[in-house]
Amino acid sequence: MATAIPQRQLFVAGEWRAPALGRRLPVVNPATESPIGEIPAGTAEDVDAAVAAAREALKRNRGRDWARAPGAVRAKYLRAIAAKIIERKSELARLETLDCGKPLDEAAWDMDDVAGCFEYFADLAESLDKRQNAPVSLPMENFKCYLRKEPIGVVGLITPWNYPLLMATWKVAPALAAGCTAVLKPSELASVTCLELADVCKEVGLPSGVLNIVTGLGSEAGAPLSSHPGVDKVAFTGSYETGKKIMASAAPMVKPVSLELGGKSPIVVFDDVDVEKAVEWTLFGCFWTNGQICSATSRLILHKKIAKEFQERMVAWAKNIKVSDPLEEGCRLGPVVSEGQYEKIKQFVSTAKSQGATILTGGVRPKHLEKGFYIEPTIITDVDTSMQIWREEVFGPVLCVKEFSTEEEAIELANDTHYGLAGAVLSGDRERCQRLTEEIDAGIIWVNCSQPCFCQAPWGGNKRSGFGRELGEGGIDNYLSVKQVTEYASDEPWGWYKSPSKL
């Protein structure tokens, strides 16, 4: 029996609130193309209310209720949220799959990661108190100095549709751990589980206004949030083009932003690999999450000596991937998120073919699936570096292949991109792997694997992939401001000015 999509409202000041204009957006199951529910369509007026609620929560009781509360207080709520996520894991995973098309096994894995992320930042919230008032050594003995780390304030969090609840958690958990209050705007293409997060927060008694959730279109809710004068920082994950707009809207107020944008990441495979292992990692690196990963290693840079064998094995493996309704047991590739994304990916493949590339396999709808936004896992060869398929992010299950002969050529091809989120190198030569980790210009490098991600390690990229790092111990610092406190600690007068004569 299909799980019903709960009919939620916006979540503002700890309560469900109908959108000001009373509008709602359809939720479409990408596996069936059928509407399965609705989400509220928030607009600027709703964003105003959410920001006001966040500001009130930040300042309530002079900050003692949240922003200046002991880290252990905030940690208690984060751990309670984590426990509820695990309690509702099956329900949430199913909702995620219905909403965005992710295979159910992957969605369940995501829910474990969501809970783990809240637990991790709960620990950092507690340890933050121990890091306060850290002394600074000074060259003058008559001064003492220490540092405080304080919440940056009200933060606007704008998140994508490929990992709806997990990507939201990457921002919500550290922001709340730091003592910030937040307004979350998830993607209109996949907001269902983020609204369920609101229900979880209500259930655990999170103080009103600490987390507010406004769903709606990017132009109607996301844009007003990123430009809002009451928001002290914006953190965004999404496309390069939208990231530019967010930077521009924040610039007049000199508002800090952190951006995790697109990628066109390389995976370099040398001729000394175990071919079967390397083929699986190569396909996993591009086809995991239906190919909709910002860090997808979608440019295969393959040594010429093994190119023929490797490509033959990739095609065989790709044809063996189960493409099905993502609720089916064993599904390993579901539909892409929307009709718009489906048409965009088909156009990428068509353009590559028209420019002279060869479609080794895939690029079309599976014959056994008449409905849904499905595309077979696709491998494209005979690619030139000037082609669109090499240069632009597809965000779908499409892998392009380029061959190389020397290590220097491989490095040049790997760095031949405006992006710099991630990269992978597969080789049995550890020294070679080390060289490439240093040479590839990216924020994340995987060695003999692709796509592992742990909340304990920082995540973020270079170049047009954005700036700032999420996760890891530094993840909480994204939402903290450093305050220097310096004290004159001598009984002697400063003595810079001559004291006036006493009458």
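From the backbone N, Cα and C atoms, a Cβ is placed for every residue, glycine too.
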To which of C201, C286, C294, C433 does Swiss-Prot also attribute binding of 4-aminobutanal at the site defined by E260, L261, W459?
C294
Given the binding-site residues Y163, L165, T169, S239, E241, find the one whose Cα is closest in space to the Cα of L261 (4-aminobutanal binding site).
S239
In the three-state scheme derived from DSSP, which category covers W459 (4-aminobutanal binding site)?
strand
Name the one residue among L165, G238, Y240, E241 whose Cα is closest in three-dimensional space to that of C294 (4-aminobutanal binding site); these are the binding-site residues.
G238
From W161, M167, Y240, E260, the binding-site residues whose CA lies within 10 Å of that of W459 (4-aminobutanal binding site):
E260
